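Residues or ranges marked as compositional bias 'Basic and acidic residues' by TrEMBL: 1-58, 71-96. According to TrEMBL, the feature region 'Disordered' maps to 1-96. Annotation source TrEMBL lists compositional bias 'Basic residues' at 59-70.
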Amino acid sequence: ALSISQERERDRVRERKKEREKEQERERERDRDRECKKDRAREREKKRAREREREKGSKRERKREIARRRREGERGRKREVQRGRKGKREGENERE
């Protein structure tokens, strides 16, 4: 047989306990969200790094290709076109 004031006190204690548990749950939820966010950022960064690495590889390939052409004496399309134009100009000059 508890007095009314004792019962009220017990109810208040119970309420505070519930509130504390709710707050802890919210805190855990925030922590989980934060971790998730960090994981996603880490994944993005990894993806970017892989992309950069791939890009670097393709750049290396292009350079290697250019070096090979130079060794084998091939001319690029652009150069050939320019040379053709120059040739025409020189031809025109001779006619004058």
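Numbers run from 1 along the shown chain.
Backbone N, Cα and C define each Cβ position, glycine as well.
Keep in mind that TrEMBL annotations are predicted by a computer and have not been checked by a curator.
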Counts by DSSP class (helix H/G/I, strand E/B, coil) across the compositional bias 'Basic residues' (59-70): 12 helix, 0 strand, 0 coil
Tally of DSSP helical, extended and coil residues in the compositional bias 'Basic and acidic residues' (1-58): 55 helix, 0 strand, 3 coil
